[in-house]
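Notes follow once the structure below has been shown.
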Amino acid sequence: MDSGPLWDANPTPRGTLSAPNATTPWLGRDEELAKVEIGVLATVLVLATGGNLAVLLTLGQLGRKRSRMHLFVLHLALTDLAVALFQVLPQLLWDITYRFQGPDLLCRAVKYLQVLSMFASTYMLLAMTLDRYLAVCHPLRSLQQPGQSTYLLIAAPWLLAAIFSLPQVFIFSLREVIQGSGVLDCWADFGFPWGPRAYLTWTTLAIFVLPVTMLTACYSLICHEICKNLKVKTQAWRVGGGGWRTWDRPSPSTLAATTRGLPSRVSSINTISRAKIRTVKMTFVIVLAYIACWAPFFSVQMWSVWDKNAPDEDSTNVAFTISMLLGNLNSCCNPWIYMGFNSHLLPRPLRHLACCGGPQPRMRRRLSDGSLSSRHTTLLTRSSCPATLSLSLSLTLSGRPRPEESPRDLELADGEGTAETIIF
């Protein structure tokens, strides 16, 4: 399979879309470049498949204890696994055989699934970011376990991906590379000279430009909300004389002074939990990885169809190969980002190494109410009694738990109070 875009149209070297002005179809390829690509694709396939399967198996063991964030991570891992199996694997096999080996129906199905996995992965990331936006900026709407709105957010990316990928079925077919040559390959026929430019521009907007714009807007609002929350905490600290004196809640005058003039969604929940901020950081890193991996791919593709002077020789082919491989790397990055933020998702051997290499956890003292006190983390852990939940409370600078963050508040802060030893 060629290493160019998933909607290749012109019979150029390696079948890329980078040479709309090419006049002579090529029947050969750069074998050395193909060998390098095959090796890289095989590595990407192993890493993406292994990493995402590890995440799926770990989350699958939680059963009904899965939180909202668990569901989004699970489905994002599914979309990345789809990229590995429906995009990377066919591309690897196609590079090995050079020409497409299969009937016309298989040609159309492969092209459809390749773009579907790209749409699904992008839109699932967007849905997860929207969920984090709602959790931070509209917390009262998210004080619940996975509900109808959550499942709608998860189903929408799959549905949109299935619809937006349909043009692939009609554009691609098994056709002769050169009329009368008898050499067949899975190529596109747009019907109009402007077809490749229009289709590629629309796909770039739908998969990259518009989603990145929405992701940027969401994170701008999230950062703004967190800054306002920090302002509330700072004002409360100053009004309270530099710290909370007892386990009791701050006085009504303190709360009134610190929340006056702020939106109700900020004053209704006095703090954004550390676990929630951690999930925001994780999603933000995933977004950065997505942009870093796919920006070169779409930049080169747009350059090839909009610049008549774009190179159409070997240099362009190398650039297309590198850009396409960078896009595939995104499916490798995501599962390791999950595991980096959540050590419990690591496979057991890696988890053991992480435990041996890291600092030993502090001893926790059991409080009279059965909760656990720790100075560093806010974790929900399940005790030996199935019906009992013990909560580790983070302490303030004065060494005492935050009075306004009761165990119940922390459980409900992200709508994920039944999770087991997790940060989301």
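Any Cβ shown, glycine's included, is placed from N, Cα and C.
Predicted, not measured: the structure shown is a model, and the values here were computed from it.
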Compare the topological domain names that Swiss-Prot gives for Asp30 and for Asp307, and report whether both residues sit on the same side of the membrane. yes
Could you identify, going by Swiss-Prot, the member of Cys137, Cys186 that forms a disulphide bond with Cys107? Cys186
DSSP-assigned states of the topological domain 'Extracellular' (94-108) in counts, ordered helix, strand, coil: 9 helix, 0 strand, 6 coil
Of all the disulfide-bonded residues given, Cys107, Cys186, which residue's CB has the most CB neighbours within 10 A? Cys186
Across the topological domain 'Extracellular' (174-201), DSSP labelling yields 7 helix, 8 strand, 13 coil
